[in-house]
Amino acid sequence: MSDSFYRYDVIVIGGGHAGTEAALASARAGARTLLLTHNIETVGAMSCNPAIGGIGKGHLVKEIDALGGAMARAADLAGIQWRTLNASKGPAVRATRCQADRNLYRTAIRCIVEAQPNLTVFQAAVDDLIIHHGASEADSVRGVITQTGLRFQAPSVVLTAGTFLAGKIHVGQTQYAAGRMGDPPATTLAARLRERPFAIDRLKTGTPPRIDGRTLDYGVMAEQPGDDPLPVMSFMGQVSDHPRQVSCWITQTTEQTHEIIRNALHRSPLYSGQIEGIGPRYCPSIEDKVVRFAEKTSHQIFVEPEGLEVAEIYPNGISTSLPFDVQLALVRSIHGFANAHITRPGYAIEYDFFDPRGLKASLETKAVGGLFFAGQINGTTGYEEAAAQGLLAGLNAARHVQGLPAWSPRRDEAYLGVLVDDLITHGTTEPYRMFTSRAEYRLQLREDNADARLTGVGRAMGLVDDARWARFAAKQEAVQRETARLSALWATPGNALGREVADALGVTVSRETNVLDLIKRPELTYATLMRVPTLGPGVDDAQVAEQVEISVKYAGYLDRQRDDIARQQRHETTPIPDGFDYASVRGLSIEVQQKLERVRPQHIGQAQRIPGMTPAAISLLLVHLERARRSQVA
C-alpha cells in the first residue's frame, strides 16, 4: 500500500452526525480528509428519534446549511412529515421540524459523503491517538492507531465518538458494554483517553422501545398531519425534494401506566443507583416523568413513523430503561397500544464525556494541539448540536493544518456561537440542549436569515460552493431590489395608490405614507399588500418576501438590538494571551484567579460570562492587558 494511503491532513473519528459534518467541512475547506468509522453501513444513522429540527435545533440546522453542511439537504430528501413550530409567534422563535425516514436520511448522508472531493472513508475502529510529546512545546496529535494496528498520520484529528466511549447499556438490572444497541463500544480508546490530561465524567441518555405500527389502534389517537404548504429545511431545497408525506399521531399514558411504573421503580437502574451518569433534563425517561410529576394523570406521546417502507414506529415520550417485562406492560397500558408488539426494547446508555471547558472556541483541545472534539463527547445531546459542532471542528482542523487562524462565531452571530460559548465557559453537568431562550440576541439569530449571517463567511473559508453562492447572491439581490421598489412608492389620501390601498385592504391612508411603512402595521403583511393592483403581484420567492417583510416590520427592534451588540462588543473580543499569568494582576482575589485559571478564557467576553466574575475583576484585567500592550508597542 502506498505511503499516501496512511497520510492525511485531517482524520475524523466517527461517522455520526458530528463526524460526517466534520469530514465534509474539512474536505470542502481544502484538506485531504480521512473519515474512520467502525461500520460504513451506519454512516449518518439516526440512533434515536427519527427527526431533524425543532425549537433552537432547527436554527442550528439552518446555520449548518448556510455554511454548506449536509444535514438540511438530507432532511429535505428524507422528511416525511413537516411542521413549522411556533408558527403563530414572532420570527425569532419559529422553527422547522421534520419527521424523517431514517433509511432515506442515512442514504442521503452517505451519498453526500461519497460524492465529496478530498474525502476518503475507511472502515476501522480507532484504539489510540498518536501524540507527540515535545520537550519544550505543548503536546500535539500526529495520527491514530486502529484496532487492527494500522497507523494513519495527520496533524489534525477530530474525535466524534458519540456514546461509544466506554458505552454501557442498561435494561433493568441487565447491563453490558455497547456503543449503542447492536454496536460495540470504543473501550480501548476510552481507556487510552483517560490516560491523557482530560477531565472526563459520565453522562446518560436513553431511547424508547420501538413498536410494530400494525399492532396499534389509531382510531383512539389524534391525527397530527403535517403543514400545508410544506416548508423546506435547506436554503437550496424545494418542496419537490420531499418524499411522500404521512401523519404522526398523538396518544397518552394512563393512570394504569403510571401505577405499573411506580410498582417497578425498585427494578429501575435509574433509581437503584446502577446508573451514575446524569441524563438530559429536557428529554426525561417516562419513569422520571412519573416520579417528578406525580400529580399528572397522563403524559402525551407522539406516535412517529420510522419510515415509509417499514412498520416500526417511535413512541416519542416513553424513553425507558425499565426491565423488558415492565416495558411490555406499560406500553400495552397506553391508549391504542393494548395489542402493541415491541420490536426493540428501550434502554439507557452511559458514556464518557469531556469537560468542554478544556476546549478552545475552535473546539481544539487545550491539552493537545491539533486534536479537536465534537458532538456528544462535549456534553451535548441531539443530532443538530452534534452536527453543528462537527462542522466547526472540521473547518478548524483544516485551517490548523493550513496555518490559518481558527474561526468561531460570536454569540450575536449564530446559535453555534451560543452553543460553543456556553460549553467552553460554563461547562455542563448534564446533556446540553439548544433552545432559543439561550440566545440573548435571538431576534438577530432567526432561521430565515441564517444564510445572510453566515453564507458570506462560509464562502470566504471555502465551505460554500458556487451553486449555493449563486443562489444566495440572487436572493440577496432580489431582497434589495424589492425593498428599493417599495420604498420608492408613496400613498396619500388623495392619490391613486392611496385609494387602491383603501379599496383593496380597507385601510385608510390619513397622511403621506411610504409603502414600506404600511408593512409595519400589525394587520398588514407583504402578502396582503400585494393584493393592491399597483403593488402586486410582488416577488414569487417566499424567502425573498419573508426577508422584505421582517426587515421592515421589526426594523426598530433590530436596530435596538444591533446597538446593544455594538456596546457589548467594545471589549468582547479583546484577546487574553495563552498562558496568561492571572496571579500577576494586582487586586484579583484568589477566588477569581482560580475561576480564570480553570476556564482559561480566550477573550474578555468569555471571561465576563464565567459564573461569579465581577465587573471590578474585568476592569483590572482590561487595565493589565492594555498596559502590557503599550509596553510591547514601546
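Here the Cβ of each residue, glycine as well, is placed from N, Cα and C on the backbone.
According to Swiss-Prot, the feature FAD binding site maps to Gly14, Gly15, Gly16, His17, Ala18, Gly19, an assignment based on sequence analysis. Long-range Cβ neighbours of Gly15 (FAD binding site) (same chain, at least 6 residues apart, Cβ-Cβ under 8 Å): Ala23, Leu35, Leu36, Thr37, Asn39, Ile40, Thr42, Val43, Gly44, Val113, Val121.
If you take the C-beta of Lys289 (NAD(+) binding site) and look for same-chain residues 6 or more apart in sequence within under 8 angstroms, you find Lys296, His299. Here Swiss-Prot flags 279-293 as NAD(+) binding site, drawing on sequence analysis.
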Find, for the listed binding-site residues Gly14, Gly16, Gly19, Gly279, the residue with the lowest Cβ contact count at a 10 Å cut-off, counting only other Cβ atoms. Gly279
About how far apart, in whole Å, are the alpha carbons (Cα) of Phe293 (NAD(+) binding site) and Gly19 (FAD binding site)? 37
Which chain neighbours of the FAD site, leaving out Gly14, Gly15, Gly16, His17, Ala18, Gly19, have a Cβ atom within 8 Å of the mean position of the site's Cβ atoms? Val12, Thr20, Glu21, Ala22, Thr37, Val43, Thr160, Gly162, Gly375, Ala386, Gly390
Among all protein chains shown, how many Cβ atoms are found within 10 Å of the Cβ of Ser285 (NAD(+) binding site), not counting that one? 26
Packing count at Phe293 (NAD(+) binding site) (other Cβ atoms within 10 Å of its Cβ): 12
Alpha-carbon spacing, Cys283 (NAD(+) binding site) to Gly14 (FAD binding site), which is rounded to whole Å: 24
Residues with Cβ closer than 8 Å to the Cβ of His17 (FAD binding site), same chain and 6+ apart in sequence? Gly44, Met71, Gly375, Tyr383, Glu384, Ala386, Ala387, Gly390
In whole Å, note down how far the CA of Gly16 (FAD binding site) lies from the CA of Val291 (NAD(+) binding site). 33
